[in-house]
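K.L.:
Have a look at the structure that comes next, please.
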Amino acid sequence: MSNITLTTLLAHKRSGEKITMLTCYDATFAATAADAGIEVLLVGDSLGMVLQGHDSTLPVSVEDMAYHTAAVKRGNKGALVLSDLPFMATATLEQTYANCATLMRAGAHMVKLEGGAWLTEAVTGLAERGIPSCVHLGLTPQSVNVFGGYKVQGRGDEQAEKLKAEALALEQAGAAMLLLECVPSPLAREISQAATIPVIGIGAGPDTDGQVLVLHDMLGLSLSGRTPKFVRNFMQDANSINQAIENYAQAVKQGNFPASEHEFSA
Ligand code: KIV
Ligand code: NA
C-alpha cells in the first residue's frame, strides 16, 4: 500500500470511495491492519478500556497515548496514523498545542479531539501550526459523566440541528476530518453530505464517508461481556485475525458494513 495521506482521504470523499479506519495500539497490529487494507490506524484512547482495563477512558494520559502511537508508527506500513488527545489534554489552548506536539513527535499524522464548537479556536490554531485535526462529535466517551452513560446523541430535531451546526463550524475553522459516534443515521448522512471534509462514523449508519471500529470489538473480544449494537464480529466468518480485518476493510469498501441492525434511529 502506498502512503495514505490527507490528500488520499479527500480524494475518497470526492469520489465516494469509503474510508477504512480501525483502532490500533501496537506495532504488530499496525503492520497487520495496514496489510489488510486499513487506511487509517486510530490510536484511540479506548486503549484505557481494552488494554488497561479501566471502566472509562478518563484515566488515559498523554504519555500513554505517545507510547502506543510510537509503537504503531514502528509497525505501520503506509497507513495514516491518527492519535487521540485523552481526557483534559485539551483543557486549555496552550495544553492542546503542547500535547498535540507530543503526539505528532511520537508518530501521529493527525490528532483527534473530542468536543464540539468550543474547539474551533484550537482547530484553527493547530492547522496554522501544521497539525491536521479530526473532531470527534456525538457520543464523546470522555464526557460520559456529563451524559450520564454511553447514550445515543443528536436525537430529535433540536439536538440534530445543533450537532450539524457544530460540525460545519468546525469544518469552517479548519478541521481536516470529523468523526461521529452513536448518532442517528439520517443526521450522519446529512452532515456527511453537507461537509466537504471526510466524515467517519461509528454507530452512525452506512452513509458517512468511512467507518471505524474498536479492534477488540470486531475481533469478538470483550472485557465487559457486552458488545455495542453497532459492532459486527468479523472473526465469525474468518479463520485468522488477518482475514477478519481484511473482511472488515472490504465490507466497508463495498458498503456491506454497517447494516440496518447496527443503526440508531432519529
Ligand atoms: O478511542 C477510540 O477507540 C475512539 C473510537 C471509538 C472512535 O475514539
Ligand atoms: Na477515543
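Even glycines carry a Cβ here, placed using N, Cα and C.
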K.L.:
ASP84, GLU114 bind Mg(2+) according to TrEMBL; which of ASP35, ASP45, ASP157 goes with them?
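P.N.:
The record-listed residue among the candidates is ASP45.
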K.L.:
From the binding-site residues listed here (ASP45, SER46, GLU114), select those whose CB sits under 6 A from an atom of ligand 1.
P.N.:
ASP45, SER46
K.L.:
Filter the candidate list ASP45, ASP84, GLU114, GLU181 of recorded positions, keeping only entries whose CB is under 6 Å from an atom of ligand 2.
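P.N.:
List returned for ligand 2: ASP45, ASP84.
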K.L.:
Cβ within 8 Å of the Mg(2+) site's Cβ centroid: which residues qualify beyond ASP45, ASP84, GLU114?
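P.N.:
Apart from the listed residues, the neighbours are GLY44, SER46, THR57, VAL60, MET65, LEU85, PRO86, PHE87, LYS112, LEU113, HIS136, PRO141, GLN142.
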